Amino acid sequence: MNLHEYQGKQLFAEYGLPVSEGYAAETPQAAVEAADRIGGTEWVVKCQVHAGGRGKAGGVKLVKNKDEIKAFAQKWLGQNLVTYQTDEAGQPVSKILVESCTDIAQELYLGAVVDRASRRVVFMASTEGGVEIETVAEETPEKILKAEIDPLVGAQPYQAREIAFKLGLKGVQIKQFTQIFMGLAKLFEEKDIALIEVNPLVIKDDGNLHCLDAKVAMDSNAAYRQPKLQEMHDPSQEDAREAQAAKWELNYVALDGNIGCMVNGAGLAMGTMDIVNLHGGSPANFLDVGGGATKERVAEAFKIILSDSNVAAVLVNIFGGIVRCDMIAEGIIGAVKEVGVTIPVVVRLEGTNAELGRDVLANSGLDIIAASSLTDAAKQVVKAAGGAA
């Protein structure tokens with residue numbers, strides 16, 4: 001679950017990290033009032049969306065008077081911001097962050113993520129601040145400094161000092177960096193965070209370190225332990241179908257094709273998309289209904305898939321390991337009747353009672369195509385959707 005920048009900075013402030021004074025505004029007038037509270041003659045206004053690249057898209061601006069603040073808010077509030085990280089529709093802007101202006105002498109990068117390879121939280125830092133860390137990793141990987149956090153003892157000050165020295169920090173900056181490092185580590189653990197990025201972490205003209213940006217993502221699996229962070233959830237930033245799927249514990253990701261895919265198991269779902277592509281088709285989604293594929297969940301999955309107007313055919317690929325294929329077949333039939341599916345549906349069943357499941361589908365009287373194998377299913381659904389792309 002992603003947080004907005006202003007929410008991330010609220011967390012940073014709770015843990016004693018240096019952030020700019022700023023306020024989120026929902027109206028142009030509130031944005032002007034926020035500038036009055038902050039004071040000064042220059043401010044930075046930022047569109048609050050769950051996407052990077054806001055600056056290049058015009059969603060971040062340095063303003064020098066209240067009229068500019070009002071004009072910026074009027075331009076963006078209620079509109080969608082399109083960046084290189086969003087789709088063509090962009091993300092809706094419902095809040096503007098107004099904060100004090102910060103002088104920048106140098107930009108650094110500091111972040112932390114759960115590294116699956118080492119099975120530990122890994123801190124990363126670089127002198128290449130303000131740049132996507134993926135770009136740095138690809139082009140100049142030697143510029144990324146890392147520190148693995150031992151889960152037994154937690155983050156240690158010496159790890160922060162080692163990185164600070166390598167970043168070229170001196171004197172009081174080393175102490176400040178250590179405080180920021182330890183604060184982020186504490187925040188990461190206590191709030192069940194999956195990703196933190198401070199990009200950029202800046203050295204101001206006076207030599208002090210300052211967190212100029214905040215990207216925070218919480219581990220959604222731990223949301224039940226973090227009720228305060230759950231309150232920060234902004235569903236408007238998510239695909240409506242993905243949000244609906246999450247309510248039914250369905251793993252759904254929208255794609256650009258015209259063949260809807262409903263599968264039980266993430267690995268099988270990816271394999272299904274691959275074989276559809278192999279035979280010239282284009283998947284419209286990734287959808288994993290999981291092990292408990294009940295009639296109700298299958299029906300909801302159909303509704304979500306069919307809410308995409310591009311879908312011309314649906315491929316249901318079920319391996320009956322935990323569940324029986326005949327029960328799944330009955331669920332599919334019930335779902336097709338309930339939802340009123342009018343496009344071709346191809347079903348491939350394998351595993352426990354697979355033959356019985358295919359018989360149930362064949363005798364249903366519905367226009368459901370029972371495939372004999374995964375290859376056959378892929379070929380049939382591609383044909384039903386209009387042929388190879």
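Even glycines carry a Cβ here, placed using N, Cα and C.
Record check: Swiss-Prot places Gly321, Ile322, Val323 at the substrate site, and the matching candidate among Asn264, Asn277, Asn363 is Asn264. Rounded to a whole number, the distance between the Cα atoms of Glu107 (ATP binding site) and Asp213 (Mg(2+) binding site) is 11 Å.
Looking only at Cα atoms, Asn199 (Mg(2+) binding site) sits nearest to Arg54 among the binding-site residues Arg54, Gly321, Ile322, Val323.
Ile322 (substrate binding site) sits 44 Å from Gly53 (ATP binding site), taking the Cα positions as reference. Taken together, the residues of the domain 'ATP-grasp' (9-244) have an average pLDDT of 94. A distance of 40 Å separates the Cα atom of Gly55 (ATP binding site) from that of Asn264 (substrate binding site). Ranking the binding-site residues Asn264, Gly321, Val323 by the distance of their Cα atoms from the Cα of Glu107 (ATP binding site) places Asn264 first.
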